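Chemist: Per Swiss-Prot, the features are:
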BINDING   Asp30, His32, Asp70, His268  Mn(2+) 1 binding site
BINDING   Asp70, Asn139, His238, His266  Mn(2+) 2 binding site
ACT_SITE  His140  active site, proton donor
REGION    543-731  region 'Disordered'
COMPBIAS  608-632  compositional bias 'Low complexity'
COMPBIAS  643-661  compositional bias 'Acidic residues'
Amino acid sequence: MSDYEEDTRPPPNIETADPEDTIKILLATDNHIGYLERDPIRGQDSINTFREILQLAVKNEVDFILLAGDLFHENKPSRDCLYQTLALLREYTLGDKPIQVELLSDPDEGKAAGFSFPAINYEDPNFNISIPVFSIHGNHDDPQGPGVNGALCALDVLSVSGLLNYMGKFDLPTSDADAATTGIAVRPVLLRKGSTKLGMYGVGNVKDQRMHFELRSNRVRMYMPKDKDEWFNILLVHQNRVKHGPQEYVPEGMFDDSVDLVVWGHEHDCRIIPEPVAGKNYYITQPGSSVATSLADGEAIEKHVALLEIKGKEFQLTPIPLRTVRPFVISEVVLEDAAEEEGLDVNDQMEITKYLKQKVNDLIDQAQALWEERNARSIEAGDEEIPPMLPLVRLKVDTTNVTQTSNPIRFGQEFQGRVANPRDLLVFHRSKKAGKRGAGKVDIDQPELSIDDPDLTVSEKLAKVRVKTLVREYLAAQELQLLGENGMSDAIQMFVEKDDIHAIQTHVNKSLKTMLKNIKSDEVDEDDLDDLLAKAKQRQEEEYLEATRAGESAKGKGKAKATDDDGGAASDDSMLMDIDTGGGATFNMSDDDDDDEPPPPPKRRAATSRATTTKKAPAKAPAKKATTTTARGRGKKAAPPSSDDEVIELDDDEDEISEEEVVAKPVKRTSRAAVLSQSQAPAKKAPAKKKTPARQTQTQLSFAPAGRSSRAAASKARSKMVFDDDDDDDD
């Protein structure tokens with residue numbers, strides 16, 4: 001709530017009433033005429049309530065009606081909507097009743113350009129106005145469109161017809177140069193009745209960011225008479241009162257101290273009792289809408305208009321409930337709580353439907369009781385009884401941890417003829433925040449991150465921000481059961497930093513596929529499945545960490561290298577594979593690799609020698625056999641987390657090949673190794689590669705000194721070629 005609630009000032013009141021000096025005003029806002037006008041049930045709700053407001057003005061013999069925006073729901077009201085509005089204004093605002101408020105300001109201020117009639121309708125001798133209506137525009141009926149006469153709105157039409165006085169319209173600067181020096185100029189409508197002087201300052205709806213800027217910059221200029229302390233000043237605004245963003249609202253304490261009362265439009269919940277503002281002399285009244293345009297909690301508050309009486313610098317406000325507003329009740333149920341408290345079976349859809357029907361029936365009975373109570377008050381006050389109306393009912397259903405739910409539209413069909421909104425009777429939703437699992441555990445949605453340390457300065461926090469670190473901490477809070485946190489972290493980093501859109505999907509698919517293969521081969525019982533998965537995940541994590549640190553894991557050496565670009569044991573080869581633009585040596589991604597631990601010295605530079613070693617002629621035949629073992633090793637090693645999607649694709653193909661089948665084709669594999677070993681740089685163009693053409697491009701990345709056995713070197717060169725080619729395919 002706002003700070004004004006701390007103000008202990010008593011409600012405003014007029015000590016001695018004097019009709020000759022008291023200005024009586026009927027306050028209303030957000031009528032939204034035309035809302036759901038095509039709905040067969042609710043189509044006439046807004047116009048019926050507007051008719052009641054005009055009738056209340058006549059009944060209470062007010063001096064005029066004051067509206068704070070959104071008279072129409074649509075920016076371009078329909079012909080039928082305009083017809084009914086004009087007819088009602090003519091019916092209730094024209095007549096022989098004399099106007100007792102004197103206009104002191106210029107009657108031509110704001111009049112239609114090029115015409116002689118005044119802006120204030122009761123100053124026109126051709127009209128016989130009994131109750132003037134003053135209104136500003138809202139965000140629904142604001143001026144739009146360029147034209148000869150500038151931007152126009154529906155209120156301009158009512159104004160030139162002589163049935164309404166449009167105020168609060170101003171032109172904003174059209175150029176940046178003018179915007180720097182020109183603000184919002186608010187010119188008042190000055191009225192007097194007896195000894196009471198009233199100044200009305202209307203500010204039609206402006207985008208909240210712009211209004212916030214103008215107020216912060218003190219660029220809202222209110223033109224006031226010289227003896228401003230003798231005037232009672234009312235300010236009409238139509239802006240966000242609730243904070244929706246840093247600048248998407250208007251602070252309550254931003255208005256001038258000379259204002260006595262702020263009439264706030266746009267907010268639909270009724271807070272019509274004047275509320276003081278801490279540190280300010282003025283009060284705020286928020287009449288709220290006269291028709292429910294959304295089935296929200298704020299709309300369920302009883303709708304009111306107000307009778308405002310002003311004498312000198314004193315005022316008092318009397319709320320008047322609206323009888324023609326359709327009754328609206330709203331409630332919420334949590335199925336999970338109902339299961340605990342009432343024994344509801346959340347797995348039985350029929351039982352859930354029966355439970356929800358009972359809740360809706362209770363709400364209908366509640367709405368009926370509300371309607372009867374309202375009618376009883378009206379009859380006591382001497383008003384006519386209003387025929388019953390179908391109520392608006394909204395039941396919000398929290399379906400967290402519930403899988404069986406009803407169809408909302410089909411559910412509402414059973415209440416056809418009993419409620420006014422059968423199609424949106426139910427609204428299903430789930431809780432956004434998960435409950436705490438216990439003390440000491442990290443919250444899933446808001447884990448304790450290392451950058452949240454209160455002892456760190458802003459610069460230190462920014463310096464510690466790393467994708468790898470943040471992802472790892474979030475994944476730790478999720479408590480993954482199948483995927484390893486390290487491998488998933490690397491896959492996400494590949495996705496973020498290197499635009500590898502398939503990294504995450506490929507890593508997940510590969511890990512799950514390998515795990516399923518292991519489970520099928522072991523043929524374990526379902527009771528032991530969780531333990532097996534936990535052990536498999538732990539084994540994957542251990543192998544992954546070992547591979548990333550050593551870079552020479554016997555089973556998944558190439559795969560570990562391909563995904564190890566996060567620092568730690570990352571080698572120069574891994575940088576080449578990750579970028580893959582032909583000039584891998586020119587890339588330096590180590591800036592992002594300083595997250596958690598400093599990388600060890602580049603002792604594995606010898607790894608680049610593996611491809612060069614393939615030049616040796618005796619290494620051809622052994623290279624084929626070594627390659628076969630390496631391929632199968634990569635297939636089994638697919639379970640450790642990885643971010644190299646192409647490697648997974650190649651491994652999937654090789655996993656289906658048995659060892660005997662691979663050995664049965666030693667000649668072709670040996671010939672490819674020979675071609676690669678004899679022509680390193682030109683091998684990129686070698687067309688002889690038909691089965692795995694991507695491997696041909698690896699020759700340009702094959703460079704290293706000799707110093708290892710031809711068998712091992714050829715095997716590692718082959719493994720290195722596969723992963724480098726995968727990066728090429730990804731680009």
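Glycine residues also receive a Cβ, built from the backbone N, Cα and C atoms like all the rest.
Give me the structural setting of these features: burial, nearby parts and distances.
Modeler: According to its DSSP assignment, Asp70 (Mn(2+) 1 binding site) is coil. Cβ neighbour count for Asp70 (Mn(2+) 1 binding site): 28 (other Cβ atoms within 10 Å of its Cβ, all protein chains included).
Residue environment of His140 (active site, proton donor) contains 24 other Cβ atoms, counted within 10 Å of its Cβ in all protein chains.
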Chemist: What is the nearest of the binding-site residues Asp30, His32, Asp70, His268 to Asn139 (Mn(2+) 2 binding site), using the Cα of each?
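Modeler: The smallest Cα gap between Asn139 (Mn(2+) 2 binding site) and any of the binding-site residues is with Asp70.
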Chemist: For the binding-site residues His32, His238, His266, His268, which Cβ has the most other Cβ atoms within 10 Å, all shown protein chains included?
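Modeler: Top count of Cβ atoms within 10 Å goes to His238.
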Chemist: Using Asp30 (Mn(2+) 1 binding site) as the reference point, find which of the recorded positions His140, His238, His266 has the shortest Cα-to-Cα distance to it.
Modeler: His266
Chemist: For the Mn(2+) 1 site given as Asp30, His32, Asp70, His268, which other residues of the same chain have their Cβ within 8 Å of the site's Cβ centre?
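Modeler: Leaving out the recorded residues gives Thr29, Asn31, Gly69, His73, Gly138, His140, Gly265, His266, Ser289, Ser290, Val291, Thr293.
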